């Protein structure tokens, strides 16, 4: 009994010890340890939007797509943005008088709401979490908007389709809008790699996820269009909508180029010349 009392009064530097099932005729007791227990830091409250428009009428949005992200319409059919779910186990049996201690049983599940941390090194689940997918979506969408505009503009001004632009540069030499450039193709490639690489390194050096996507300032918002929070939210929504449309549109450009070998303007003119007989169905059925 004295040993039991001494154990119960032991220092709690290494953890918290809970003593139970102590009887006067036995020195057996069950101990639970909580090593390094810390108070959980308060989490940011999420803005939950109810009755918001969804990607499909009558669709049910997943719990993790609560509308807090701009342009969130509850679309994630493959569950790619679903946060990791962890099993909670009870503590293993710690009775030294037993021949075999039993493992702790599963007592529940726990899902962590991952908040982006200001660190260049993040766990796998955070790097490929919902916030990371949004960053990739927006960056790819911006590139797609530039590519879509570039493909249409170049074909309109020069008649060269976007898929043949590289061939023309290799044969006729590097040029811009018909004007020759004093650089070879290999030199231009190195310039592009170095410039874009430097820009991407600088962007990823920003640890604040909001500033990494929307840097603002005199270089990226010289007119101060995002100074008003309400207008900023509207512009962010318009941008993500146009970005998604541009990604789908350029995918259509690629499919058209593979099927017909023509550019988007040429395909559009061909379709307008005979709308009833020049469609995507006719194109793939005749190929």
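Cβ atoms are placed via backbone N, Cα and C, with glycine included.
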Name the residue among 37, 47 that Swiss-Prot annotates as phosphothreonine.
37
Swiss-Prot has 75, 244 binding chlorophyll a 1. Which one of 137, 155, 169 is in the same site?
137
Per Swiss-Prot, the candidate from 17, 32, 110, 132 carrying the annotation N2-acetylarginine:
32
Just to confirm what the record says: which one of 30, 109, 270 has phosphothreonine annotated in Swiss-Prot?
109
If Swiss-Prot marks one of 16, 111, 161 as phosphothreonine, which residue does it mark?
111
Transmembrane segment range according to Swiss-Prot, out of 203-223, 245-265:
245-265
Would you kindly list the residues that approach the transmembrane segment (181-201) from elsewhere in its chain, counting only those six or more residues past its ends and only Cβ-Cβ distances under 8 Å?
169-170, 173-175
Non-local Cβ contacts of residue 256 (chlorophyll a 5 binding site) (under 8 Å, 6 or more apart, same chain)?
262, 263, 264, 267
Folded-back contacts onto the transmembrane segment (245-265), same chain, C-beta under 8 angstroms, at least six residues removed:
140-141, 144-145, 147-148, 151-152, 155-156, 161-163, 283-284, 287
For residue 55 (chlorophyll b 1 binding site), which of these recorded positions sit within 10 Å, Cα to Cα: 75, 109, 137, 200, 244, 271?
75
